[in-house]
Amino acid sequence: MTQLWNFPGGIHPPENKHQSTARPIRKAGIPERLILPLQQHIGAPAEPLVQPGDKVLKGQKLADVTSGMGVPVHASTSGTIVGIELLPVPHPSGMSDWCIVLEPDGDDAWCELSPIADYRKLHRDDVLNLIREAGISGMGGAGFPTNIKLRPPSDRKVSTLIINGAECEPYITADDMAMRERADQIHGGIKIMSWILRPERCVIAIEDNKPEAVEAMRKASEGTQAEVVVVPTKYPSGGEKQLIQILTGMEVPSGGIPADIGVMCQNVGTAMAVYRAINRGEPLISRITTVTGAGVDDPGNFEALIGTPTRHLLDQAGFHPERVNRLILGGPMMGYTLEDTSVPVIKTTNCLIAATENELPMPPPEQPCIRCGMCAEVCPMELLPQQLFWHARAQDFDRAEHLNLFDCIECGACSFVCPSSIPLVQYYRYAKGEIRTQRAEQIKADRARERFEARQARLEREQEEKERRREERARAAAEAQKKKEAEAEKAVAEGEATDERSARAAMVQQALERKKARPAAAATSEASTEKPDIESLEKQLNQAKGKLETMESMLDDARAAQADNVEKLERAVAKNLDRVKRAEDALTEARKQLETEDGQ
Amino acid sequence: MWTGILIAVAVLLALAVVFGALLGFAAERFRVEGNPLVDQIDALLPQTQCGQCGFPGCRPYAESIAHGDAINKCPPGGEATIKALADLLDVEPQPLDAEHGVEQARRVAVIREDECIGCTKCIQACPVDAILGAAKHMHTVIESECTGCDLCVEPCPVDCIDMVTIEPDIRSWSWQPPQPTIIATDRQGASA
């Protein structure tokens, strides 16, 4: 006999399980329309891979998660996609979410399946990937992707694998019936998970109010490592943390996960889905759901296709809407009221209670807390429900958080025993939601601040750069100015030189004129002195011509480049042209003079 | 007797010098850069950078509050921010100053993309760089980064920016507190 521990607190609500265990699991059949929400798991919503109008086969992948955590969604039967729209989904808010709507064709034709004959020959990561591809997320209620849960952090060795078949919440018998009728499949799944995790110990925990299930599981696991442990019936022994405490005596640290203490919990329904995914190649397209309550004639468990509207499922069990006061999705302790019977069964839907007024009366109005302390006595997490209630009501969320509000598993034991019928869990959920919203806002504000500061820094930097460029330009302009001045000086100097030449030419002219005026007798002696002058004049003319040419080519370049000194150059060229002309005139004049002188 | 008094005075003086030097050293060594109060105030402001308070951003307003400005000039933060600031600064919370605007639900800017002419004016106005686009090309708002500050609406020459209130969806939904209770007998009477 395995040693068992106890967890603090807990309650013994009326079980009400016998109503739905009288008949074997029935098939719920194919409804007229299947509604497949894109998000049935914790993580990112899946993105559709199909278009309205597409024909799909049973088991075909319809949507997948491309980035982030999540698992795909498959077609539960063959048929036509008629739409991808916002429809009410099972959620306490009663709000709508994106769903793929599938109209079955009635053939129920499977797509090609690829069962694995011997998964032991595969790599463990490949098997985990097959589990992901089959769309399996935790079927106990939270819907955490199973492939991620089965791959604990590398520094955490899972030494104990717990298969959770406690099913402690009243009314629900889905796991019980699955263990009774499909123990082999569950055991097959356990074998696969044990092979992936290689735990030292594998425990199947079942509450002692399910002797048939215990018997069936014992038989299935005979001669294997897995050990069936019967735990005392007490709510909430099926809570992950409570079950771990019962079986190992260890507590999961606050804010931690079971893998931190070397334990992992998996639901029996998940084990069955894993077996089907690997050994038969079937993705998760159906689940066992309990339909019970006095509002149905024929309560029992149904194997329902994922996406079956709850109304269809209720009708299978003989639904009497007029009798029903409240329709509850999940158990009476942790479930929520369903307003709309069109919402579909999803991967985490384990129970549907059509309760009459007598069965689950509306909670009486809240009365003042009388500080009786019963809530603290039954709290399985050893919190201070009363203090949490005060702080949550006063919106003093910091203090509530300080009192480990986030360790609350929302089991509802405190509300159940409260003599003032205070909806304590609703206060805690509200406080948790507010704290999460505030945190998200804080993160957003921090990001906005970062972005604002980055922008300010960028603007400043740009301003500085602009300033620097402006300064650089100013410096460059000053330098260019200086250079130009220097050039201008040089040009002026050169210009003076040419002026000198023209002055000389003028002087020559003057001299020639003077010569003309002189008596002819004196001319012969002077002519010899005039001759070298013509030579120098010619030289000057050539120089001037050369300069003009270079100037003209410079002007052309400047024109082509559209530089701003075109005008100046034009002026300079005109001036030079003038000079050349003058020099030419002077030369011809001098030559004529000379000839006349020679002639004389 | 005099020597006793002198010794006492000398010892006290020596102690004063030693501790004075120690304190002076500590003041220099562990000097706090900037004003930590401004950071604390800035952390409480909603960081929409909307300028409704009359300051160019949240930090300038935080600095102003640290120098004694009123704490009720932030409409996006609303009562919650005023309360948090009052707690931090140990002053009486005041009602929101209506001169700077009224508290309203969180909003985001949405550009009607067909009408956008690509003028980049809104990009320049956005304090958190949440608008994406280039000259003569369509712009769009990065919704997750938008603080809903309104500053891009005014500069748009074709008025193609709408401020849209964020409707709670299934992912942002959270539980509401239980309804305030009425007297038990009243309720029983009402349902009877």
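Glycine too: its Cβ is placed from the backbone N, Cα and C atoms.
Bear in mind that TrEMBL entries carry predicted annotations, made automatically and left uncurated.
According to TrEMBL, the feature region 'Hydrophobic' maps to B:1-27. Note on the region 'Hydrophobic' (B:1-27): DSSP counts are 26 helix, 0 strand, 1 coil.
Sequence annotations record features per position, and here TrEMBL assigns domain '4Fe-4S' to B:33-91.
Taking the Cβ of B:Cys74 ([4Fe-4S] cluster 1 binding site) as centre and 10 Å as the limit, one finds 27 other Cβ atoms among all the protein chains shown. The feature [4Fe-4S] cluster 1 binding site is assigned by TrEMBL to B:Cys50, B:Cys53, B:Cys58, B:Cys74.
What TrEMBL lists as domain '4Fe-4S ferredoxin-type' is B:107-136 (among others). For the domain '4Fe-4S ferredoxin-type' (B:107-136), the model gives a mean pLDDT of 90.
The [4Fe-4S] cluster 2 binding site annotation in TrEMBL covers B:Cys116, B:Cys119, B:Cys122, B:Cys156. Of all Cβ atoms in the shown protein chains, 20 besides its own fall within 10 Å of the Cβ of B:Cys156 ([4Fe-4S] cluster 2 binding site).
According to DSSP, B:Cys126 ([4Fe-4S] cluster 3 binding site) sits in a coil region rather than a helix or strand. Here TrEMBL flags B:Cys126, B:Cys146, B:Cys149, B:Cys152 as [4Fe-4S] cluster 3 binding site.
Residues annotated as domain '4Fe-4S ferredoxin-type' in TrEMBL: B:137-166 (among others).
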In sequence order, the binding-site residues (B:Cys58, B:Cys116, B:Cys122) whose C-alpha falls within 10 A of B:Cys152 ([4Fe-4S] cluster 3 binding site): B:Cys122
Binding-site residues clustered about B:Cys50 ([4Fe-4S] cluster 1 binding site) [Cα within 10 Å; pool: B:Cys116, B:Cys119, B:Cys122, B:Cys149, B:Cys156]: B:Cys149
DSSP helix/strand/coil residue counts for the domain '4Fe-4S' (B:33-91): 30 helix, 0 strand, 29 coil
Largest tally of Cβ atoms lying within 10 Å of a Cβ, found at which of the binding-site residues B:Cys116, B:Cys119, B:Cys149: B:Cys149
Inter-residue C-alpha distance, B:Cys146 ([4Fe-4S] cluster 3 binding site) and B:Cys122 ([4Fe-4S] cluster 2 binding site) (nearest angstrom): 12
Between B:Cys58 ([4Fe-4S] cluster 1 binding site) and B:Cys119 ([4Fe-4S] cluster 2 binding site): CA-CA distance (Å): 27
Among B:Cys50, B:Cys74, B:Cys122, B:Cys146, B:Cys149, B:Cys156 (the binding-site residues), residues with Cβ under 8 Å to chain A, listed in sequence order: none
Long-range neighbours of the domain '4Fe-4S ferredoxin-type' (B:137-166), counting only residues six or more past its ends (CB under 8 A): 46-52, 76, 104-113, 115-131, 172
